[in-house]
Amino acid sequence: ASLLIHSLALCLCLIHAFARDVYEVTGYGPVFEEQPVDTIYPEESPEAKITMNCRARANPPATYKWKLDHMEIDLNAEGSHYSLAGGNLVISNPDKTVHVGKYSCLATNTYGTVISREASVQFGYLDLFSSEERSSVYVKEGQGAVLLCAPPPHYPAELSFRWILNEFPTFIIPDKRRFVSQITGNLYISKVDSSDRGNYSCIASSPSISKSVFSNYIPLEPQTERPIRKYPADLRVKFPDTTALVGQNVTLECFALGNPVPEVRWKKIDGHLPSNHEVRMTGTQLHLYNVQFEDGGTYKCEAVNSKGKDYHTARVSVEAFPEWVEHISSTEKDLRSDYTMSCKASGKPKPHIRWLKNGEPVLFRLIDCYCLVTVHMRFSSLTFDDSGMYQCIAENRHGVIYANAELRVFACAPTFERNPVKRVLAAKNGRVVIECRPKAAPKPAFSWSKDTELLSNSTRVFIWEDGSLEILNVTRADEGRYTCFAENDRGKANSTGDLLVMDSTKITLAPSNTDVKVGENTSMQCAASHDQSLDITFIWSLDGRVIDLHKDSQHYERTTNGSSNGELLIKNVQLKHAGQYTCTAQTPVDNITASAHLVVRGPPGAPGGVRIIEKTDKSVKLQWSRGADNHSPISKYTIQYKDQFSNDVWKNATTFPVNVEGNAEMTTVVDLIPWTDYEFRVIATNTLGTGDPSNPSPIIKTLEAVPVVAPSDVGGGGGASRELTITWTPVKPKYYYGPNFGYIVAFKPQDEQEWKRVAVADPQARRYVHKASDIPPLTEFQVKVKAFNVQGEGPYSLTAIIYSAQDGERLRDSALSSVTGKCAKVISKQHRRSTWFCFISVSRNVKYWESGQSEGQAETIGVSSRENHTKLENLRPYTEYIIEVRGYNSAGYGPPSHHFRVLTKKPPPDRAPKIIAKKVKGQSINIAWEQVEPMANESSIEGYRVLYRPEGQTTGTLYNTYKRNIDLPLPPNGNYVVEVRAHTEGGDGATTTVPRFLSWLLHSGSFLTCQLLVGLQVQSLQ
């Protein structure tokens, strides 16, 4: 009986949590499976409760408590709104003044307590917009406008914004001209035009509480201004300094007012834009996906139009939520042993680390049991009191993370029940280790015996501190039965295993060094002898990396030539296959290796360090470092370049000397274009082929030079009275050769010697008009043009002969095109009328026909030589016509002009406005009508015309309005008629008539309501 009790004691542990009684451990402490999360409870929620989830796996099952702002919640208090459902906390009829705060769940069983992460409860709301009427916004066409959203009080802060025009659901779709800020909610219109007229409402939506509210309408009234002025870019939406967390997405906003509509460009001041960026919303948003630390820096948005530019810079800082680098895990430790718990966390700012035991902060002991040093908690000589549930908490301003673990301190007599000494095979002349790993606490003392002989440390035999037995230079005599004995102050135990000695493995055919060319096949030999009772495996590695024959089957294959042969076939050898190949012959008992080198000859590797050490206007001196020759001497180098005009295409460069020899590391690239951005790369060649190109050099700009290309197609003539118009084709930007590029225009009458010179600073200019009262009409001039830049002036173009303009009406807003012979033709953009002028007095014949018809169906009209224009009538609307003009006299017809195509305007709508209201207030009459919606084949509405006339007369007062209502003065006497029609660029539409307004007396101090013949309601108020 005493022997049975002693055996039981060997395999049972003493645990402090159960008064150190002897029992077998089967339970474990709480492990969270579900924890509470931040909750936003809508104040208008129909569900009058909040549920905070908490569930832990534990044996025995856990019990639960909750804390609010670190104070335990009394679930049984009178009038309490709290109750438990399992581990979940239910808050009934939530009250904002009582239940807002931070909640945490505590799960407890006999092994200890763990506390959950904190989760907040907040009440979400989104109030209605102010009921105050929004003022009308008046803006001149061409100017920018900002409509303020002014969202109402709300929580949480995140809102999304949209705008509607006139009625729901006609949403404003943001485009290059219109932008809705998702930060302020404001609507920005860069350039207002007549189509923007209407009533606007801001919609603010809270995704957290699924609620949206609408603002009162804001009327926008574009004011006509002719001509429409242009305005420089003016940034009104500017992204602030922003802090982003690693892994988050960030959106930066920029939007500018201006006419023309500005273009927005993005840059990163201290580097390139991240590869994970996307420019959205026609350039107004820069979106950064999955932000990383390297994405931090200063960002710049620049708005540009033809009138000017504006820019803004702000900083994006990248920080990080705490993340575990190393954290604690559950473990069992021997009584009186030393132990260190470690927690390391990364984050920005650097996280602060604190510790909990069973849900309470760890307290320092005065005795030498454990100490807290930054991220480590060290225990010396563990006791049963140190058992429990431990939590490591790392936090910074962005959040908190928890790591939980159970520490068990135990004492136990040695037992081999789960880990007995095993049967071991050893190779003859090799080394063997027989493990002895009983479960025991405190740590036991170890001894070994072979058969009946007790072993001790010698030159061949060693007993390790952990109990393992090591034998060196194994012989057949070492075979036998080995027993490990383990003993501590709580008991002792032993376990026995056999040692068998096998023949050792030997390489019989080793691989040899090999030399091949790229693309060839080769093989590496390897064979071995081994104990025939054991299986053998051959493993090949290249430079220490094991070759995966399945994954790399395209190039590697094992030959099947007997189980003791491990030959490796290498197919289609590439440069990457060069190196040291090692064959490992391995059995379950031992292994042996042999190695050889494979040399692969192939095209050269890429040169490195390409850089420019000198530059001129047309050349650069290039330097590089030699790349690998791959065992075949480099015979030559090829230099390639890419410039700002080459559309990312690399081209071969011209060098001096022409051939760059293989031993060179420097050359001069010639025939470059001045003042041009270049980057260069170098490619090496040997007898086996051409290698990969180097990385590009840094981008450099060649020096400036005097222009050498003159403008082409110099000509001109015509224009308004007392003007000389000179035209040319501009020089392409690649030939500017320097900054401050422009043109020198020279001209003189044919019979004079002195040239007049004028500088035109615009490099894209195509014409120059010289105006002077002394320019005679139809006079022959010589003209020529040349380019200049900061370095000087280039050569002149060929001299051209042109004529100054004739006297006559100045032709504005017209487009001029050439006509065969000595005439020019002008077609007005604003009227369907053709106009021309000629240098000789002839009559004209005008022929016109619809595009798509044959010229035989054309209509013609004759025009006297005294007229220089005519009107084409009875044309079909929205139809393309072809017009031809030719002169004629007594000798017959001259050659026709070039055909000119003109598209007539769409017709106005054939539907009259519908009158929807007629009211009289005070001294005026208000008439309102419905919007006329044009069809696709009709002109768009530009406004309305209202004729206010006495009955029986055709004339009266004509009003123009962009609104859909008008205030008219009360008629002085008699009956009046009102006519309303839509106005378009194609003319006026159908008319609605409101007949017979009666006059009446307005009595001072009285209130009078009359029903007129037309159904008008009249109100006279003092």
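For all residues, glycine too, the Cβ spot is worked out from N, Cα and C.
These figures come from a predicted structure and were not determined experimentally.
Feature annotation from TrEMBL assigns domain 'Ig-like' to 30-122, 127-214, 232-317, 322-408, 414-500, 505-593. According to TrEMBL, the feature domain 'Fibronectin type-III' maps to 606-705, 710-807, 815-907, 909-1002. The signal peptide annotation in TrEMBL covers 1-19.
By the Cβ criterion (distance under 8 Å, sequence gap of 6 or more), the domain 'Fibronectin type-III' (909-1002) is not counted as touching the domain 'Ig-like' (414-500), fewer than 3 such pairs being found. Recorded stretches compared: 30-122, 322-408, 710-807; the one with the most Cβ pairs under 8 Å to the domain 'Ig-like' (414-500) is 322-408. Broken down by DSSP into helix, strand and coil, the domain 'Ig-like' (30-122) contains 4 helix, 52 strand, 37 coil. Looking only at the domain 'Ig-like' (414-500), the predicted model's pLDDT averages out at 94.
Secondary structure counts, DSSP: the domain 'Ig-like' (505-593) has 3 helix, 40 strand, 46 coil.
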